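Taken from Swiss-Prot, the feature compositional bias 'Low complexity' covers 37-70, 93-104. What Swiss-Prot lists as region 'Disordered' is 37-113. Marked as repeat '4' by Swiss-Prot: 55-62. Annotated compositional bias 'Gly residues' per Swiss-Prot: 71-81, in sequence order. Swiss-Prot lists 71-79 with the feature repeat '5'. The repeat '6' annotation in Swiss-Prot covers 80-87. Look at Swiss-Prot and you will find 96-104 tagged as repeat '8'. The domain 'EF-hand 2' annotation in Swiss-Prot covers 154-179 and rests on a curator's inference. What Swiss-Prot lists as Ca(2+) 2 binding site is ASP193, ASP195, SER197, SER199, GLU204, and the listing cites sequence analysis. Among the features that Swiss-Prot reports, domain 'EF-hand 4' is placed at 216-252.
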Amino acid sequence: MASYPYGQGYHGAAGQPPGAPQTNYYGGQQYGGGVQPAASYGRPAPGAPYGSPPSGGVYGHPVPGSAAPGAPGGPYGGQAPGGPYSVPGSTPYGSQQHGSYGQGAPAGNIPPGVDPEAFSWFQTVDTDHSGYISLKELKQALVNTNWSSFNDETCTMMMNMFDKSNSGRIDMFGFSALWRFIQQWRNLFQQYDRDRSGSINQGELHQALCQMGYQLSPQFVQIVMSRYAQRSAQPGLQLDRFIQICTQLQSMTEAFREKDTGQIGTAKLSYEDFITMTTTRLL
């Protein structure tokens, strides 16, 4: 499994399709920045949210101290009161704990390039005080709107993307990059959850992918929902699955673009090329 230090080495970085957040996460380097793909499977729709969320965020909660309007809001779970994104109680990620969230640490103790809120959360999530975040600690820290923990696949995917040292742990700089990555996805998730149910249904997912620029059929979206949505009377995707689907779709689209030399939406490749492509691009 490949490692993507702070998201810099992620395969989509050479030219991502619409869908993933484009934000400078660490050291001025852009996660997934680059040229746009051809119109056949990736040109952003007019007015699409690709690149940055709307000014002030969906619920008007920009990050305190953020440099510009439109930055993602606070940790997932700290949304506007009253709706499906309200916080029902305390949680490792999404509410105040031990006075950490919102208070931060003395400015002089925050390393350059580290988000102050991410720094504060790092102190809380690093339960063993090792100076690193393990997969277990990360999973314990992240929750969805329905109070479920992030699934193992999404947590492992994000660890692989932001683990600089291939040690299975994330340092403070990697965590700051990961924190911003999640906030951007959270903002998009809220934007596409048009009925404010706290989850993404099949119609919302199809609309989201279309507005991100992906030309995919309703049948494909149905397959995705049957694979990843919760089993219930009203199947829906929580934030963790939404991040997983969109990030993997971005990676696979970039792999296809490398074979689609004419940028026409079709490519010819051998069976081994196909297997290699799918194996190496799964995060």
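Positions of Cβ are set from backbone N, Cα and C atoms, glycine also.
Locations of recorded Swiss-Prot features on the structure.
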residue: ASP193; record: Ca(2+) 2 binding site; Cβ within 10 Å: 24
residue: ASP195; record: Ca(2+) 2 binding site; Cβ within 10 Å: 12
residue: SER197; record: Ca(2+) 2 binding site; Cβ within 10 Å: 14
residue: SER199; record: Ca(2+) 2 binding site; Cβ within 10 Å: 23
residue: GLU204; record: Ca(2+) 2 binding site; Cβ within 10 Å: 21
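Here the domain 'EF-hand 4' (216-252) is broken down by DSSP into helix, strand and coil counts: 25 helix, 1 strand, 11 coil. For the recorded site, SER199 (Ca(2+) 2 binding site), the DSSP three-state label reads coil. Within the model, the domain 'EF-hand 4' (216-252) shows a mean pLDDT value of 94, rounded to a whole number. Secondary structure of the domain 'EF-hand 2' (154-179) per DSSP (helix as H, G, I; strand as E, B; remaining residues coil): 17 helix, 2 strand, 7 coil.
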